[in-house]
Amino acid sequence: MELDPLFLSRIQFAFVVSFHAIFPVFTIGLASYIALIYGLAFKTNNPKWERLGAFWTQVFAVVFGMGVVSGIVMSFQFGTNWSNFSLATANFLGPVLSYEVVTAFFLEAAFLGVLLFGRGKVPNGVHFFAALMVSIGTFISSFWILSANSWMQTPAGVEIRDGIYHVVDWSAAIFNESFWYRFAHMGLASFLTGGFVVAGVSAWFLIQKRDTELHRKALSMTLWLLLFLTPLQVFIGDLHGLNTLEHQPTKVAAMEGNWETQKGAPLLLFAIPDQEQQTNHFEVGIPKMASFILTHDWDGEIPGVKEQPPELQPNVPIVFWSFRIMVAMGLLMVLVAVIGLFLRRNKAYMHKRWYLQTLRLMTLSPFIAVLAGWFVTEVGRAPYLIYGQMTHAEGVTPSLTGGMALFTLIGYFLVYAFVFAAGAYYLTRVIRTGTEGTEQHDDEKHRPKRPLSAAEASFD
Amino acid sequence: MSEPVFDLTYIWAAIIAFGVIMYVLMDGFDLGQGILFMFAPSEQGRDIMMNSVAPVWDGNETWLVLGGAGLLAAFPLVYSIFLPALYIGVFLLLAGLIFRGVAFEFRFKAHSSRYLWNWSFAIGSTVAAFAQGAVVGAYIQGFETENMRYVGGALDWLTPFTVLTGVGLVAGYALLGATWLVMKSEGATQDWAYKLVKPLLAAVLIIFLVISVWTPFVDAFVAERWFSGFSAIWLLPILGLLSAFWIYRSVSQRREGTPFIATMALFIFTYLGLLASKWPYVVPPNYTLADAASAHESQLFLLIGLLFVIPIVLVYTAWTYWVFRGKVKADQGYH
């Protein structure tokens, strides 16, 4: 069998970026939460907040460490597997990624040390400031990387001369048409991820009846936050979808499983899209609903996938189902948050075991939603790397052979499996150890400021 | 388009060159701990070695990420030819760095499985150092290119010559690591580190000598550069040899900080000698700095920001080293 370097490179990129993405999406939200807790600690002088902050900082340390290790790989992927793309786009992507390193990575690295090991060594105000800087650093980082991604979705501010992109308008390129939607959607997704993990872990502690007073407080705060953010995310997601409809109609068509351009298109709840036959099997839908959601008109026209010839269509089944998984997770999150509001009476949300168990399970939901969402937007852009301008086939490294790509694909898979297993095992340990033991944390023993070493639990 | 008022390409060449040597010196001594790790006389010595670099190695590796992104921004042709040409080598480098980074984190949490992380740290560091040395050798060898694309094979970078440069850098990083350890440790561990310096220095000098003699045969351009008459660049190997002598003398006198500084000097002069050999070719044998450069407006856009940010980064870095200054003890680190 002939190994296709293009296909293997796409699989490899999808794998390493998916693996990497789950860490930052969590740390961005968690960093803000930690900053908030230390802000409360600083303001109220209540040692409870210190303890909660110290606990989540340990969790943060492990996750951030894994994000760093897998992130180094990402900065070389563009060159190793997508060198034609890199060469063509370097005038824009080079400065943007470099700005991410110098404005975000160094900021995070410097203040992370103070956050992890500075407690008791620097004044509380400085410690809070460090937490704030780390959380700002994570946001700056997401700003640049989402600008780069959005530019690939809706390229702007550039002209192509001799096959090389030249930037003619930096602000048009950086703040391109889809940037703010993607940034808002992703920023909220990070908060939701942090929120559901905090809620899930707090619920677990409450089920275990450990340090209950502290975790009730944490859970209550988090549920208020989720009650506001989950509907807001649905609203922003809708706006993002409308923006996509404007700029990438074929992607939206694939999301809706809509092959033919039609007025009054149904919202499909279930279907098995068949790319070969260019049609769906077993459709179950709500009549006219898709048109209403996308155009706010029951008889609005929805573009069809078949507007594009088959070789310029994305993989419809993947986009269609990823989108449904993301939306289902999102609606589930809204539901759980709203139920939390109803359980406020008599503080039932703190006691009802079924609700606490639900929250525990919901810890996974934001990760699934985020990965599914990225699958929608990335697979939906195919066959283009830069929408409408450069295809995956044009961007791939010309000297790459199938054997080389397969070698590194298997290699990264094995390395990441090892890292993930060790990290997950260790994270479980940190959480099991809990908040009770974090008080006597800030002594001379903790001099090194490496992320994972801030965690106290024993590895085996 | 009007011609830019002044060309930023050489400013950018200086920035990238600075970033690379920063990375080599800073990650060099902590990779060196890994290379020497399994030879340490005791588990306590290993604790000291790891603690001595634990607070800073992560910041050191950020320079590598900056190197990758900076190359893409300023010299995209280098980025888009080196990485495909070194595809397998880059994978080994990254895998080595991952195993080593993870080992850092977990070794101090482990009890019965500690030996596993010891080996993970040692092998990961050695593989990463070797891969970097081989990259240097591949750069000297040059790359088969056509129409701004790499057209060679997957393992062209792996030759007897690049194996030697790989081993050379492993020895060099080990030397840097040993002199760092002299500075940061005391007692039995320091005695051991002192004993390592002279044999490692001898190994480094022999390998560097062989490489220096071999290089002109590998590449006629380099031969022309060095042997077409005496020029100022001959000062560099002379200064390098003086640095080697400085290392030897300071270790004989059992100085604590000087051997490390002298080793950094040896690295810097060797590095400058390498750059002088190839100047102005950045993707030998076909492309110069000017060919590889990105657009003027892109270089300018990034340069303006860096002028503000890099000084701040250097302040952070210096501050971190200052916070963790002084001798390291085995029991003051992870628990």
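Backbone N, Cα and C atoms are what each Cβ position is placed from, and that goes for glycine too.
Just so you know, TrEMBL annotations never went through curation; they're auto-generated.
What you see is a predicted model, and the numbers here were worked out from it, not measured in a lab.
Copied over from TrEMBL, here are the features:
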type     : residues  : note
TRANSMEM : B:12-40   : transmembrane segment
TRANSMEM : B:85-103  : transmembrane segment
TRANSMEM : B:115-140 : transmembrane segment
TRANSMEM : B:160-183 : transmembrane segment
TRANSMEM : B:195-214 : transmembrane segment
TRANSMEM : B:226-248 : transmembrane segment
TRANSMEM : B:260-281 : transmembrane segment
TRANSMEM : B:301-324 : transmembrane segment
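By number of Cβ pairs under 8 Å, the transmembrane segment (B:160-183) is matched best by B:12-40 from the list B:12-40, B:85-103, B:260-281, B:301-324. Within the chain, the transmembrane segment (B:195-214) has long-range Cβ neighbours (under 8 A, six or more residues past its boundaries) at 36, 161, 164-165, 167-168, 171-172, 174-175, 178-179, 182, 237, 240, 244, 247-248, 251, 259, 266, 270. In this chain, the transmembrane segment (B:226-248) does not touch the transmembrane segment (B:12-40); fewer than three CB pairs sit within less than 8 A of each other, excluding pairs fewer than 6 residues apart.
Contact between the transmembrane segment (B:260-281) and the transmembrane segment (B:85-103) is absent: fewer than three CB pairs lie under 8 Å, with pairs separated by 6 or more positions in sequence.
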